[in-house]
Amino acid sequence: MVEDGGEEEAEGESGEMPAAAAPLQRCNGFLPGKEAAGGGRAGGGEQPAPAAPAAPEAEAMLAAGGGRPEARLETRLSRRRLAVLAVFSCYSLVNAFQWIQYSILSNVFAGFYGVTFPQIDWLSMVYMVAYVPLILPATWLLDARGLRLTALLGAGLNALGAWLKCGSLAPQRYPLTLAAQAVCAVAQVFILGLPSRIASVWFGPTEVSTACAVAVLGNQLGTAIGFLLPPVLVPNTPNDIDLMAHNIGIMFYGTAIVSTLLFFLTGVVFEEKPKYPPSHSQAVLQSKPPEDYSYKQSIINLFKNIPFILLLISYGIMTGAFYSVSTLLNQMIVTHYEGEEVNAGRIGLTLVVAGMVGSIICGLWLDYTKTYKQTTLIVYILSFIGLLVFTFTLDLGYLIVVFVTGGVLGFFMTGYLPLGFEFAVEITYPESEGTSSGLLNASAQIFGIVFTLVQGKLTTDYSPRAGNIFLCAWIFVGIILTALIKSDLRRHNVNSGIMNLDVKAVPVDSPVEPESTTLKIQSAL
């Protein structure tokens, strides 16, 4: 079938819907009290149920747990979804590259700008600091103005920050490079919360976890390239500052050109949502009237959800530990292996590439089994073991051992990231995917700031082992919290038609009683 504008639709899970059905508005949150007991809705005041349903309302009826096939809302998979996912993954990659490009060359940039190591660490931590106060406005914007505008802001600010860095190619311009990195950090706020939203809005129930993993994969790949390329492009030449500035310029200008191209591609490819919902859970959300949504109520609902709070803390611990290890990796490696900046980058690359493989495997596994809690807990425990092994083999004097242990650590620690996103969406449905993901990332940034500062201090004053043991203790706490999470897979239950929903659907040509034509969602969500 061809959409308006010529876009073809791939046949997916579908039911039949009257041809005259109007497009439905997306809404993720529910305000309490919006559904009246008899099936009517209360708006600004109590209103009686209408004598007969309006045509658009009748067309929105969804048979989630049964009902007549002819009344089911049609669901299809859009071919555009792959282009949306690819473009997002690419500009998320560039943003992650810009995050780590300073830290992996901390000794080079400290010498170039004439600043201390903690000042270089702040070029990484500014990403974490900017995220925390801006995440609520960013998630509100995502819910109120939509996916396309949010994506354009993320890609546009990413390009702007990259061009500003091109003006900081002189030793006295550390404040400018910090300001440019702050712009990239703001761009990150409009990027990190999108993987689960893109996956839910554009992908079907049998591919949603894999799509989320691929979206997260772009960010991980950017970190991997950030570990690999900067040490190659900018070798340490402390006796030739002009050559160093030239090499840094190649890296900065190349990043700016690529990010600008991706900004224009975002404008071309991104649409708010596909013509037809890709899953029945999305169809339920899109059938809710916009006035039934409240961003404030959505936040309140999330913070009343005890399993989500436990996941919020445990996700923050794991991801914050990953941020800290990534930021301080160069210092840890150079402490025990002097002059091995290039190999430090390669170890970081190994860590992230292994994590990319772990992300894809975990995403495929979740789509196949839907064992969210079990998989999350196992990966958490294996990350703890991996960090312990990495910690106590780091100073053995064999770089090959560090490569292996770093790869094992990355496979599980980085592979955990999409698990947390998808688990959160499942246990918080029907709340906004962008809001739950944004709060998870805010938790990660807060823990990342604290962990980086404390681990950096322990590494400097004592040894890398002391800093890593500090992280191990916190990850052990995260294991306990993860084990306490109650696994309530709400989105999966809706897609499977087994959630406790009272949903009734009728064909538009069937005369019925008023109360039998109103969509009623009476779950304890």
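Cβ coordinates are placed from backbone N, Cα and C, and glycine is handled just like the others.
Database features, via TrEMBL:
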- 30-56: region 'Disordered' (REGION)
- 36-46: compositional bias 'Gly residues' (COMPBIAS)
- 47-56: compositional bias 'Low complexity' (COMPBIAS)
- 82-102: transmembrane segment (TRANSMEM)
- 122-142: transmembrane segment (TRANSMEM)
- 149-170: transmembrane segment (TRANSMEM)
- 176-196: transmembrane segment (TRANSMEM)
- 208-230: transmembrane segment (TRANSMEM)
- 250-270: transmembrane segment (TRANSMEM)
- 306-325: transmembrane segment (TRANSMEM)
- 345-365: transmembrane segment (TRANSMEM)
- 377-394: transmembrane segment (TRANSMEM)
- 400-425: transmembrane segment (TRANSMEM)
- 437-454: transmembrane segment (TRANSMEM)
- 466-485: transmembrane segment (TRANSMEM)
Maximum Cβ pairs under 8 Å to the transmembrane segment (306-325) - stretch from the list 82-102, 208-230, 437-454: 437-454
Positions whose Cβ lies under 8 angstroms from the transmembrane segment (466-485), at least six residues beyond its ends: 307, 310-311, 313-314, 317-318, 321, 324-325, 328, 332, 373, 376-377, 380-381, 383-384, 387-388, 390-391, 394, 423, 427, 447, 451, 454-456, 458-459
Long-range Cβ neighbours of the transmembrane segment (250-270) (under 8 Å; 6 or more residues past either end): 80, 83-84, 87-88, 90-91, 94, 97-98, 101, 147-148, 151-152, 155-156, 158-159, 162-163, 165-166, 168-169, 229-230, 233-234
Annotated stretches the transmembrane segment (208-230) and the transmembrane segment (400-425) touching (3 or more Cβ pairs under 8 Å): yes
Paired segments the transmembrane segment (176-196) and the transmembrane segment (345-365) in contact, 3+ CB pairs under 8 A: no
Long-range environment of the transmembrane segment (345-365) - Cβ separation under 8 angstroms, sequence gap at least 6: 100, 104, 209-214, 216-217, 220-221, 223-228, 230-232, 325-326, 329-330, 333, 371, 375, 379, 399, 402-403, 406-419, 422
Residue numbers, six or more beyond the limits of the transmembrane segment (400-425), whose CB comes under 8 Å of its CB atoms: 195-196, 199-200, 208-209, 212-213, 215-217, 220, 308, 311, 315, 318-319, 321-322, 325, 333, 337, 346-348, 350-359, 361-363, 366, 372-373, 375-376, 379-380, 382-383, 386-387, 389-390, 393-394, 433, 436-437, 440, 485, 491
Long-range Cβ neighbours of the transmembrane segment (122-142) (under 8 Å; 6 or more residues past either end): 99-100, 102-103, 109, 149-150, 153, 177-178, 181-182, 184-186, 188-190, 192-194, 197, 295, 299, 323, 326-327, 432, 434-435, 438-439, 441-442, 445-446, 448-449, 452-453
